[in-house]
Amino acid sequence: TAWRVLQLGGSELDAVERGCGQCEIDQCDGSVGYGGSPDESGETTLDAMIMDGNTMEVGAVADLRHVKNAIGVARKVVEYTKHTLLVGESASLFAVRMGFPYEDLTTQKSLSVYSKWLNQSCQPNYWKNVVPDSSKSCGPYKRPEKVTYKEEQTISQRSVHNHDTIGMVVIGGSGTVASGTSTNGAVHKIPGRVGDSPIAGAGSYADSTAGGAAATGDGDIMMRFLPSYQAVEYMRMGTDPTVACQKVISRIQKYAPEFFGAVICANTTGSYGAACNKIPGFTQFHFMVSSPLLSQPTEQVVDCI
């Protein structure tokens, strides 16, 4: 969809918006758009961002409720406000003023995911160091009188399918770069949680003087390292896109060796690459590429490091 928009003369931002928007409609992988990743109260909320690499303008929404086209609303933040990020119910009110319909994002599928989770004592979840014991019960939780910390089990608790995002980088014929993301966040997240996707430099980043990048995976960890921004900075210094992506993953590995995540990178000449962190059940990362050199969108695969 994004590639077709470019071929029909649309801008790089149009391509990002329509491409990510297509995933919202298709509910890609259950991790983008409505009817997926219910939070702890069973509600689906959306995060998205879009970035113009010419002007460095960013529009983003987080914890967006009752509006399906999150990346579309993010684009309106760029076009009609001087802000960068709008959140929660207020972002939904803004969306309605911009003409987006107010709709229920819950589906039979998301309700069944939610009820199954409740039936298995709310496992897994994102609480730690609380009472009652979050590994055995549904709460409501509160902080204990006396705090005793225990190590978090990251891998067993966070399956590879808990997190995903569509991230997109578009390089126009003249070298103009745009990027964007859209997601419904981590499954069973604590209401109000915002991950890396709508944060500029974390979920994605675009700079028409260097290139663009986008990230996917465990946003709670990845956002602390601004991986997309870092990857673009490596490419600015002349680093090959694949190596730029690898360097970003390696930086995060030092602090969180078992994190789930991947980054895609493309520079202004159209070179591209990706990298991912190798963990059990996730040894390769698949991503799609369209370019004038390819007759159709093509799946690419990299081995994780």
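The backbone N, Cα and C atoms fix where each Cβ goes, glycine too.
What TrEMBL annotates here:
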{"type": "ACT_SITE", "residues": "THR165", "note": "active site, nucleophile"}
{"type": "BINDING", "residues": "ARG193, VAL194, GLY195, ASP196, THR216, GLY217, ASP218, GLY219", "note": "substrate binding site"}
Please report the Cα separation of ASP218 (substrate binding site) and THR165 (active site, nucleophile) in Å, rounded to an integer.
10
Which of ASP196, ASP218, the listed binding-site residues, has fewest other Cβ atoms within 10 Å:
ASP218
Please find, for ARG193, VAL194, GLY195, ASP196, THR216, GLY217, ASP218, GLY219 as listed binding substrate, the greatest distance between any two Cα atoms, in Å.
16
